[in-house]
Amino acid sequence: MTTYGERLAAMNKAHVWHPFTQMKDYNNSEPLIIERGEGIRLFDMQGRAYYDGFSSVWLNVHGHNVPELNEAIADQLGRVAHSTLLGMANIPAIELAGKLAEIAPQGLTKVFYSDSGATGVEIALKMAFQYWHNRGTKGKTTFATMNQAYHGDTIGAVSVGAIPLYHETFRPMLFPSRVIPYPYAYRHEGGEQGAMESTLSALRQLLETEADRIAALIVEPIVQGASGIIVMPPGCLREMAALCRKHDVLLIADEVATGFGRTGAMFACELEGVAPDLMVVGKGLTGGYLPVAATLATDKVYEAFYADYEEQKTFFHGHSFTGNPLGCAVALASLKLLEERRMVEGVEAKASFVARKLAALNDRPHVGEIRQKGLMIGIELVRDKVSREAYGWTERIGVRASLRARELGMLTRPLGNVIVFIPPLASSEAELDEMTDILAASIVHATEGGTAS
Ligand SMILES: *Cc1c(COP(=O)(O)O)cnc(C)c1O
């Protein structure tokens, strides 16, 4: 007799191809099959509980199985699950657009829906491109991006991506982008100041010589996520935005990871008073419940498309599920909870609690740098603390630490040698206390466990 769990595990192995996963490794490991969630914990089929220490890959805001969010979906489900936004509207999509325009950085008044961060980025790129075309400006057809950027996995998003491990294979399929250095202070000989100067001087030089060929600069504001949770030096984003404005290059803020309170402000751009021309949101928009993303645009961008039909300035883009009512309804409910529970305001206190808890890790021999903005934390492990020598990628130090965390009851997923801690915003101090203990124990186990015995 096989159990249901065993049959599922076999079917998983036989039929499911998992994202960002070497299936040969995966199929040789014990599969974690989640059955349900409650608060900030997920439960597997054996009933074991795990803290969701990475918000189910940076999505979750209020925890799982939240009554208010469930209700919003059920309520909408009783009306209509889906109807198209192509040339017609639905109630939650209108309400949500109004809400997003209200809370977004200044000037972003128009909302174009899609269903993932990557599609939201595609839309921003195509809007920026067609913006110049519609205005009759010739030649502004390339994009600028930052080293180690990640904007999603569709071809346009990969074209402005710059993580060699993910992106290099596809190079022949991609359109070329101009890449400026990201200010990675820990690995820049000039530290914060030097890293910021390198970035700004490269951008300045690029724009002074080639602004007439560049449609837009796309940037992960304040925190570059997938590259290893790398925090920009203060003032850098503001300077970058000013340079773009000066040289008439559009600024696209990819707030897919940073949006909805994650960094301590509703949107990371606000931390430096930056108002981009286009902004992409996803991940936390629905509280991590359903796949809805949005690309927000200014009136200036929108107006370049607003013309008589014969002029053919229409934005010819859409997806089957654009403006999905269930997704928009839960997004609205999530934003309502964010406000009612003053959760964005609450991030600062939680973030400083986490910072205090993690500070002790600075004394460990293989903890290179602890980086944090709000509740977005990355801990870079190094083989040698003084020389900052990295662990070899075959050592899989991040994977080992994360597996240990799972054994101790917390889920996370590393970015190379960087351990990620991105708990749901709703995590209580007691929960953060336990999670940071697990995090620290896992890091010590992975980096010192072998040598201690
Ligand atoms: C996750 C992410 C994306 C892609 O979002 P998907 O919903 O996975 O397509 C884009 N940009 C950033 C900054 C992200 O973190």
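Just so it is clear, glycine is given a Cβ too, placed from its N, Cα and C backbone atoms.
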Which of D52, D254, D363, D384 shares the pyridoxal 5'-phosphate site with G117, A118, H319, S320 in TrEMBL? The record says D254
Out of K283, H319, R413, give me whichever of these binding-site residues has the highest number of other Cβ atoms within 10 Å. K283
Same-chain residues at least 6 apart in sequence with Cβ under 8 Å of the Cβ of A118 (pyridoxal 5'-phosphate binding site), in sequence order, are H151, G152, D153, T154, A157
In sequence order, those binding-site residues of G117, A118, D254, H319 whose CB lies under 6 Å from ligand 1: G117, A118, D254
Out of G117, D254, H319, S320, which of these binding-site residues is nearest R413 (substrate binding site) by C-alpha distance? G117
S320 (pyridoxal 5'-phosphate binding site) and Y150 (substrate binding site), Cα-Cα, nearest whole angstrom: 25
Excluding near sequence neighbours, so keeping only residues 6 or more apart in the same chain, what lies with its CB under 8 A of G318 (substrate binding site)? L85, L86
The record lists G117, A118, D254, H319, S320 as binding pyridoxal 5'-phosphate. What's the largest Cα to Cα distance among them, in Å, rounded to a whole number? 23
